[in-house]
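**Student:** Pasting the feature list from TrEMBL:
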- 16-459: domain 'Major facilitator superfamily (MFS) profile' (DOMAIN)
- 64-89: transmembrane segment (TRANSMEM)
- 96-116: transmembrane segment (TRANSMEM)
- 122-144: transmembrane segment (TRANSMEM)
- 156-175: transmembrane segment (TRANSMEM)
- 187-208: transmembrane segment (TRANSMEM)
- 273-294: transmembrane segment (TRANSMEM)
- 314-332: transmembrane segment (TRANSMEM)
- 339-360: transmembrane segment (TRANSMEM)
- 366-393: transmembrane segment (TRANSMEM)
- 405-426: transmembrane segment (TRANSMEM)
- 432-455: transmembrane segment (TRANSMEM)
Amino acid sequence: MCLSLQDLTVSLLAVAFLTSFGSSMLYGYNLAVVNSPAVYIKDFYNRTAVARNGTSLNEEALTLMYSLTVSVFAIGGLLGSLIVGMLVTRFGRKGTIVKTTVLVFIAGTLMGFSRTCGSPEMIIIGRLITGIHSGISLSVVPMYLGEIAPKNLRGFLGLVPSIFIGTGVFTAQILGLHELLGKEEHWPLFLSVVVVPTFIQLLLLPWFPESPRYLLIEKHNVHATITALKWYRSKCNIQAEIEEMQEEQRSLSSVETLSVWALLRDPSVRWQVLSVVVINIGMQLSGIDAIWFYTNDIFEKAGIPPPEIQYTTAGTGVIEIITGLIGCFTIEKLGRRPLMIGGFSMMGFCSAGITLALILQTNLSFMRYVSVCCVVGIIAGFCIGPAGVPFLITAELFKQSHRPAAYIIGGSLNWLSNFTVGFVFPFMQMSAGAYCYLVFAAVCVAVAVYVYVVIPETKNKTFLEISRMFSKKEALLETQSLDHLDQLKLKKMNGYGGVEHTSVELDSSSSAP
């Protein structure tokens, strides 16, 4: 196969940018967009309560309302992740991305007119719908890019969405500056800007072909597969890739697309499923969403002067993009494991550092800057690997028949963890104070250890090769388990409760006449 780094064609790069710009970027944008106008949104909730009931909301009710506004995005994401398998099987990978753009237009309209209508409910429903769209996109975009990419570029293209997630966060931080859309009169427009990149995506993406792997293995359309591959591999001999797909197709000829329940019951993929569970839960319980949702509050508690907070927050967005680019351009050389292990380890170290800095900053004024550095370190550690590799790994660990169900499991757990952190973190902060970050530190270290021990390197391997690697691992573990059982059977208890080691051969000879 003549695939090399020079095989990054204009078509591949364009479709990676389009799907990430119109879908993945919205996830990052919606994570951070409620941060800057938080005061104005809370004031709107209060004024609406006074207009409706004659009394304002107390502090607990207001915190609950705002926490719901933040975390309902994750509820929508959970719902979206649960239906992604059905959508990609019916409409294809690209087809799902195109058809779900309607959700963004509905959500943008609701949030944009919420103040005019005097309806906090429109903000919450709009956030729910954008969450559904992001829940679908976070699964289907990496799936689509993973299937159209040659194996030696799969890591590179697979991390493009994570760069755009960081770009979305940065865009929200910049537009949220007081000089731009950070004023009270502009916050509804600020929330509804998401329709712009989606509109551009809707205009251009339909001109690109569907995933060749989907067309051949699931739709059995050889002609469309060849056309799509020629589009994405214009200068290469595509015969070897078609043969590899046909080999996978033959191995799955008697296998339907698996449901989630069937995937969970399949013993041949137990380690792959467990790995997807660990890295997706770990991705969110690492505390990154607590950092993104409540960056301004963290910097305020760190002692940053209020007028400077918005610029400090925007500065972290630059770090996200730079570290995302570093991960994207090094993943094919370093591999998936180093980025995951290094990223989670760095996040764990910096989470513990935030706790230490917040405790000591009352006595040591320079600790406020240490806490800011730790926030930057957490964001950098996340964006260099854990931000995108879990979605890429989910595509790589499974065959075509298992992949949609795997994304449902990984995506639903990812969003459930996202919701948990977004909703619980303010109350954790109130009850545990600075010590709440130690929970995130422990999770990060645990995930790093799991990746080091269990997940093999998948760089530059086909989907079938990766599947066989796990099959060998499963066989090795079963052999070790049987050996251990045999050793236990050879042990014989003596009359005093001690363990007496006697071999089978000795027993046999002693019983012989």
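Backbone N, Cα and C atoms are what each Cβ position is placed from, and that goes for glycine too.
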**Student:** Taking contact to mean three or more C-beta pairs under 8 angstroms, with sequence separation of 6 or more, is the transmembrane segment (122-144) in contact with the transmembrane segment (273-294)?
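**Tutor:** The transmembrane segment (273-294) and the transmembrane segment (122-144): touching, no.
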**Student:** Would you kindly list the residues that approach the transmembrane segment (64-89) from elsewhere in its chain, counting only those six or more residues past its ends and only Cβ-Cβ distances under 8 Å?
**Tutor:** 30-31, 34, 38, 41-42, 45, 57, 96, 99-100, 120, 123-124, 127-140, 143, 214, 218, 257, 260, 293, 404-405, 407-408, 410-412, 414-416, 418-419, 422-423, 426
**Student:** Which sequence-distant residues neighbour the transmembrane segment (187-208)? Criterion: at least 6 residues beyond either end, Cβ under 8 Å.
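**Tutor:** Result: 11, 14-15, 18-19, 21-23, 25-26, 29-30, 33-34, 36-37, 40-41, 44, 94, 97-98, 101, 104-105, 107-109, 111-116, 123, 126, 130, 175-176, 181, 231.
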**Student:** Between the stretches 273-294, 314-332, 366-393, 405-426, 432-455, which one has more Cβ pairs under 8 Å with the transmembrane segment (156-175) than any other?
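**Tutor:** Checked against 273-294, 314-332, 366-393, 405-426, 432-455; highest Cβ contact count belongs to 314-332.
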**Student:** So which of 273-294, 314-332, 366-393, 405-426 has the most C-beta pairs under 8 Å when paired with the transmembrane segment (339-360)?
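**Tutor:** Result: 366-393.
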**Student:** Do any residues, 6 or more residues outside the transmembrane segment (314-332), come within under 8 Å Cβ-to-Cβ of it, and if so which ones?
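**Tutor:** Tertiary neighbours of the transmembrane segment (314-332) are 5, 152-153, 155-156, 158-160, 162-163, 165-167, 169-171, 173-174, 176-177, 295, 339, 343, 375-376, 379-381, 383-385, 387-389, 459-460.
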